[in-house]
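What Swiss-Prot lists as domain 'OBG-type G' is 21-285. The ATP binding site feature in Swiss-Prot is assigned to Asn30, Val31, Gly32, Lys33, Ser34, Thr35, Leu233. The feature Mg(2+) binding site is assigned by Swiss-Prot to Ser34, Thr55, with similarity to another entry given as support. The phosphothreonine annotation in Swiss-Prot covers Thr89. Feature annotation from Swiss-Prot assigns ubiquitin cross-link to Lys98. Positions annotated as phosphoserine by Swiss-Prot, on the basis of a large-scale study or a structure entry: Ser116, Ser119. Positions annotated as domain 'TGS' by Swiss-Prot, on the basis of sequence analysis: 306-389.
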Amino acid sequence: MPPKKQVEEKKVLLGRPGNNLKAGIVGLANVGKSTFFQAITRCPLGNPANYPFATIDPEEARVIVPSPRFDKLCEIYKKTASEVPAHLTVYDIAGLTKGASAGEGLGNAFLSHIRSVDSIYQVVRCFDDAEIIHVEGDVDPVRDLEIINQELRLKDIEFAQKALEGAEKIAKRGGQSLEVKQKKEEMDLITKIIKLLESGQRVANHSWTSKEVEIINSMFLLTAKPCIYLINLSERDYIRKKNKHLLRIKEWVDKYSPGDLIIPFSVSLEERLSHMSPEDAEEELKKLQTISALPKIITTMRQKLDLISFFTCGPDEVREWTIRRGTKAPQAAGVIHNDLMNTFILAQVMKCEDVFEYKDDSAIKAAGKLMQKGKDYVVEDGDIIYFRAGAGKN
């Protein structure tokens, strides 16, 4: 008798399932968050105020994702009527303060805004400027990191303790029911999470089983969100790639947020560039012998969220679509329209690299590079797809 085919366990990702995921800009007050938001979104908010809580309700904007592949496809399908790039939704969340987890400084409202996003850009101030006050009195990025980390952890401990109390109530009923057994397992996991948080660690940086991830996702923990640390330098320090605080920041992140990325950038430089035409901005960067950090900041967050792209190309439109890694063809079709998912028949798939080489759909087909895939096909980053569906919907 042949051995049973092993069913591969589907990996469950931390966070909210879906393709339209959101990144929140987080940090203490007056570290450059709102100016960064204006630069990355090119959305003017007026002059960001030089005092805490200048932003109260989060601002939202969609950021175009830099994509050389999309640009190249638009050149190849240059007669297309419409070009639609991929976007990342970004929120500018008001500055946190020490004591936010206890409700100080409008803390509960701000923490609820963080809870509603899927990932975090944490902006850390590393520049000196006497005209921009620091809520803690002086510039000390490691202290600022510890404040934010502590406030998010304390709130998560509060969430976890409430979840533990709820699980305990059911577990105390006793008996051998499946629900009681599950709640006892949840209690063990939640106790483990609380100990982890009390040690200064973030939930996102720990290794969890798929079963544990499902429970963690139901708790909507703040520290379970992927985080990128944006180190806001002066223009001079960014260009020369030096700052006295960088080593200490790296040591702190390695210890308390291992595996998370640190990206140095300069809000003042990016803000200046945002007011220029693309040509003038390119000329300015050449003159300064540096590059903008924004493309890396945007694309790296998409990677942290496990987001990938597929494309649809034709005479009417070239479009880059965003999906979660591991998405199957019918669900990818559903991103375009629900009817395409419900009546899915097959997907005709080409690879970007083949389109770049052959530059013509008929030549790709003649070369045997056009593949037909069924409902179990897992879409790969860079696929160009023509979906075929029933009921006359293509």
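Backbone N, Cα and C atoms are what each Cβ position is placed from, and that goes for glycine too.
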Across the listed ATP-binding residues, Asn30, Val31, Gly32, Lys33, Ser34, Thr35, Leu233, what is the farthest Cα to Cα distance, given in whole Å? 15
Secondary structure content, the domain 'TGS' (306-389) (per DSSP, counts of residues): 26 helix, 35 strand, 23 coil
Spatial neighbours of Val31 (ATP binding site) that are distant in sequence (at least 6 apart) but have CB under 8 A: Gly95, Val123, Val124, Arg125, Asp144, Asn232
Lys33, Lys98 as recorded positions, winner by CB count within 10 A: Lys33
Spatially, which candidate from the recorded positions Thr89, Lys98, Ser116, Ser119 is nearest to Asn30 (ATP binding site), comparing Cα atoms? Lys98
Ser116 (phosphoserine) to Thr35 (ATP binding site) - Cα separation in whole Å: 22
Roughly how many Å separate the Cα of Leu233 (ATP binding site) from that of Ser119 (phosphoserine), to the nearest whole number? 22
Taking the Cβ of each of the recorded positions and counting other Cβ atoms inside 10 Å, which one has the highest number: Ser34, Ser119? Ser34
What does DSSP assign Val31 (ATP binding site), in three states? coil
Test of understanding: give the count of other CB atoms lying within 10 angstroms of the CB of Asn30 (ATP binding site). 21
Round to the nearest Å and give the CA-to-CA distance linking Ser34 (ATP binding site) with Thr89 (phosphothreonine). 15
Across the domain 'TGS' (306-389), what does the pLDDT come to on average, as a whole number? 95
